[in-house]
Amino acid sequence: MLDLAFVRANLELVEARLRARGQNPAELLGDFAAVDQHRRERITEAEQLKATRNKLSEEVARLRKAKEDASAVMEETRQLKTKIEDLERAATEAEEQLRERMARIPNLPYEDVPTGASAEDNVEVKRWGTPREFDFAPKPHWELGEQLGILDFERAAKLSGARFAVYWAEGARLERALAAFMLDLHTREHGYTEVLPPLMVNSRSLFGTGQLPKFAEDLFRCEDGEPYQAGKYRENDHWLIPTAEVPLTNLFRDETLDDSQLSTSLVAHTSCFRSEAGSYGKDVRGIIRQHQFQKVELVKFTRPEDSAAEHEALTRHAETVLERLGLPYRRMLLCTGDMGFSSAKTYDLEVWLPGQQVYREISSCSNFDAFQARRAGIRYRPRGQGKSAHVHTLNGSGLAIGRTWLAILENYQQADGSVRIPEALIPYMGTEVIESRNVAQGAK
């Protein structure tokens with residue numbers, strides 16, 4: 001959430017940055033200035049009447065002490081009390097209107113974020129690794145996985161419907177090996193603290209990280225007998241997490257951290273659940289876009305002056321996973337029109353997929369500035385200062401396990417259909433190659 005005082009003092013700048021995002025400021029802000037002015041005027045009037053009431057109360061006391069009639073002054077005091085209550089109620093209603101507007105306004109992009117309308121305007125920052133030259137036509141991961149008997153879409157559809165997968169044998173082991181490898185790397189070398197959070201969170205948590213109220217349709221809500229009405233939710237509703245960013249960030253919700261606790265770096269391996277409401281017809285083959293998937297998530301809480309450097313560090317931590325696995329990738333700086341709702345600056349890491357001849361996103365690393373901290377009430381007390389301030393929050397995938405899994409299949413496939421295991425994963429896999437096991441080829 002943006003700072004109300006900042007928006008009030010910099011309304012033209014806010015409108016310009018929203019336009020750079022491809023947003024309509026008039027639609028988002030509405031009559032923000034008028035409502036804010038109305039609220040401030042009602043507060044001022046109420047304060048003035050309170051001062052008058054206090055003087056009248058003193059007059060009542062004086063009259064009573066002098067044993068004089070104070071009824072007229074007391075009646076005036078009662079009338080003032082009613083007027084003050086009406087003014088305060090009007091100010092509260094205006095503040096609620098402002099909060100509702102502010103909750104739906106996205107973060108403002110940093111000045112060094114390129115202006116653009118879509119992914120076509122993102123800027124490539126770097127490339128690592130040279131895509132392998134094959135002496136045969138490389139296959140996409142869905143063909144490789146089914147031929148090896150380690151990926152089963154037919155049975156997954158029988159169990160759960162579209163956009164689910166069953167992993168068999170070495171396929172399941174490769175997912176587990178990737179998670180263990182990533183967690184070990186981030187905790188042992190990058191200084192993250194591992195957390196195992198709940199997979200269900202309340203509405204307040206999703207508001208804190210920015211998924212609610214605007215993106216409820218992208219989430220899975222857990223039914224509790226109460227009929228759900230689109231666009232309406234309750235504070236105690238439970239939702240399946242779309243990413244571990246949500247529980248990790250909200251661990252410190254409504255808390256004030258000590259300066260010595262920053263920067264704090266957390267990592268979690270969890271299942272993630274997304275409805276993919278707006279992706280009908282996209283990536284219908286393979287495991288690029290699933291309702292349920294595994295991810296290792298990185299989250300940082302930093303001082304404002306450290307967040308830019310910590311953003312670069314977090315992105316490098318995600319890149320290190322790809323480099324250790326020998327997977328070619330590129331880093332993209334997202335333009336204003338392609339950024340997430342809560343982000344002030346985002347790098348996407350895109351891995352090369354030879355079976356599809358394309359780079360695909362495998363990690364998104366974002367600096368949220370104080371946007372999430374303001375929504376979630378996460379503050380810290382700077383050393384030597386009495387007044388607290390909002391922390392900056394950052395997060396990134398370190399990495400999406402399913403997409404790393406498919407990238408290994410496509411980049412390490414052999415002419416005979418087998419798949420070599422990257423050297424860094426051999427200790428976790430206990431084998432150097434995945435060959436066809438026909439595990440999933442039973443009766444159908």
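The backbone N, Cα and C atoms fix where each Cβ goes, glycine too.
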Have a look through Glu189, Glu194, Glu297, Glu305 and flag the one Swiss-Prot assigns to the L-serine site that Thr243, Ala244, Glu245, Ser397 belong to.
-> Glu297
Reduce the DSSP letter at Ser397 (L-serine binding site) to three states and note it down.
-> strand
Per DSSP (helix/strand/coil reduction), Glu276 (ATP binding site) sits in coil
Expressed in angstrom and rounded to a whole number, the ATP site built from Arg274, Ser275, Glu276, Glu361, Ile362, Ser363, Ser364 spans a maximum Cα-Cα distance of 19
Mind giving me a neighbour count for Ile362 (ATP binding site)? Other Cβ atoms within 10 Å of its Cβ, every protein chain shown.
-> 25
Look up Glu361 (ATP binding site) in the DSSP assignment and report helix, strand or coil.
-> strand
Which listed residue (Ser275, Ser363, Ser364) has most other Cβ within 10 Å, given these are binding-site residues | Ser363
